[in-house]
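J.: Sharing a structure below in structure tokens format, with a few things to ask.
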Amino acid sequence: MSTLHDLNGATIAFDLDGTLVDTAPDLVGALNIILAQESLPPLPFDDVRLMVGRGARALLERGFAAAGAPLDAEQAPALVQRFIDVYLARIADESAPFPGVVEVLSDLKTAGAKLVVCTNKLTNLSTALLDAVALSPFFEAVIGADLAPAAKPDGRHVAAAVAAVGGDVSRAVMIGDSVNDALGARNAGVPGVLVSFGYTEEPVETLGADLVIHSFLDVPKACITLLTSCPAPNTGL
């Protein structure tokens, strides 16, 4: 009978926004502050929520377009930095871990799994967020897009995260919420699990994950299933 002990020594990589933490409220708030500073109308929460997860520049590009003023390429770097500053100042005003996250991470760590964050968010923002919501102690490393050879969906990002904690892709799982996570896992030769409660515009069942789960409490069972019964997929590296 499979148990949590089967995950001893395994590496589990987690996306951050929309997977571990519901960050949309603070990201939407920061975007709307920038839009207001540029004399543009605020955007509805539900619209912006689906724009989250591809990095600050992508969020600003989509947000400005939705507000009726495409982002000017020359002004973009300064606006991105201003957005980051605004967001960092309120990074966990309303953000919180999804239900079950703390319990599951504690169980996985106790079982001996190596836990790492693999996110397209900048590393400094990621660590600040994890500190603010008290999740940092669970993770051995945080690999943001700026620390990877290329960001997800490039498999080298997932592979770099696994390597950062001394893991092996042959005994690793990627947990995320988007097509970038599913493809990043597949391209690294790692089985991928997607949660259904995150930030994606497409039906999560269509994104090519090995498993889809509807509660974070199902993460351990999904990892055990994939690591004990399924060979690792062929790497695209």
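Glycine too: its Cβ is placed from the backbone N, Cα and C atoms.
According to Swiss-Prot, the record shows the following:
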- D15: active site, nucleophile (ACT_SITE)
- D15, D17, D177: Mg(2+) binding site (BINDING)
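Help me picture these features in the structure, burial and contacts included.
T.: Within the same chain, the residues at least 6 positions away from D15 (active site, nucleophile) whose Cβ sits under 8 Å from its Cβ are G53, V117, C118, T119, K152, M174, I175, G176, D177, S178, D181, G198, listed in sequence order.
Its Cβ taken as reference, D177 (Mg(2+) binding site) is surrounded by 27 other Cβ atoms within 10 Å in the chains shown. In the three-state DSSP assignment, the secondary structure recorded for D177 (Mg(2+) binding site) is coil.
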J.: Inside 10 Å of the Cβ of D17 (Mg(2+) binding site), count up the other Cβ atoms and send me the figure.
T.: 26
